[in-house]
Amino acid sequence: MIYQSTLNKPLTISGIGLHTGRQITMILRPAEPDNGIIFHCTDGERRVSIPAVSANVVDTRLATVIGKDGLSVSTIEHLMAALSACGIDNLHIDIDGPEVPVMDGSAAPFVALLQETGNRVQEKRRKYLAIRKPITLVDGEKRVSIIPSRFFRITFDIAFDHPCIGLQHRAIKVNTETFRKEIAPARTFGFLHEVEYLKANGLALGGSLDNAVVIGEEGVLNPDGVRFEDECVRHKILDAVGDFSLLGHRVLGHVKAYKAGHDINHQMVEKILANADCWQLVESGEAASHGSLSMTGCAAMAMAGVAEA
């Protein structure tokens with residue numbers, strides 16, 4: 001898709017917050033070109049608008065949290081990943097709680113609702129952040145790098161000392177169709193002892209086997225098991241798509257990550273923005289000339305077969 005897009009019409013989404021356990025409602029409203037994604041939250045007395053960009057990230061310990069003027073919205077990464085993959089550039093999001101609903105722990109419900117609502121193409125051309133030089137970030141065992149690519153690609157490796165996870169590897173060229181089929185259904189995951197600790201400390205109050213893969217000493221506790229043998233690494237890719245969307249533009253680059261999470265993802269986004277000599281903003285017409293439209297949403301599915309050099 002050459003041009004920016006927003007939703008066809010308002011979309012209301014309700015669900016439980018993972019950490020608060022509260023019922024939360026969001027109203028996603030169409031926005032003008034170049035608006036970006038903006039969350040509007042309230043504490044009952046005032047309304048604060050928080051653009052979903054890296055500069056507004058205030059916490060990455062358990063999820064990606066954006067905030068401004070003392071108010072914040074947590075766990076935005078699954079929704080942001082779905083918006084990016086479905087080609088939504090501009091949106092107002094009214095939210096009546098401190099976190100995005102967890103839904104089933106994946107991005108699949110968001111993708112289904114967005115595709116049912118549909119996109120409205122706008123008159124402004126879309127811009128891409130095209131990586132021109134490699135950038136690498138290392139934090140202990142965690143590593144993230146990004147190198148030039150004509151598409152948005154993610155290669156991810158994780159390593160856990162548990163037989164249910166162990167070593168997992170997945171590489172993907174991210175577009176609407178691959179995201180919908182291979183990444184969006186992957187749920188957040190955690191170990192039983194971690195969940196118990198969080199709940200004892202007033203967190204993960206909305207967490208359950210209905211919205212997370214929970215792993216005990218003997219294996220996965222969910223009655224239906226996992227959706228993919230490598231569901232955990234797929235979910236890490238989902239998180240990365242959401243976290244890298246906070247660059248404010250779709251990426252043309254190949255992300256390679258090892259043991260990465262929200263913290264180092266955010267650090268990498270900040271490092272990219274700080275090294276302006278390593279990237280260039282290009283308009284969609286120029287990106288299309290390089291065969292780069294496979295990232296751009298529902299109308300771009302037909303481009304997914306374009307060969308990459």
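Cβ coordinates are placed from backbone N, Cα and C, and glycine is handled just like the others.
Swiss-Prot annotates HIS235, ASP239 as Zn(2+)-binding residues; of HIS19, HIS40, HIS78, the candidate listed for that same site is HIS78. Cβ neighbour counts within 10 Å, taken over all protein chains shown, single out HIS78 as the most crowded of the recorded positions HIS78, HIS235, HIS262.
Sequence-distant contacts (6 or more apart, same chain, Cβ under 8 Å) of ASP239 (Zn(2+) binding site) comprise THR64, GLU77, HIS78, ALA81, GLY261, HIS262, ASN265. Taking the mean position of the Cβ atoms of HIS78, HIS235, ASP239 as the Zn(2+) site, the remaining same-chain residues with a Cβ inside 8 Å of that point are GLU77, ALA81, SER106, ALA107, ALA186, THR188, LYS236, ILE237, LEU238, GLY242.
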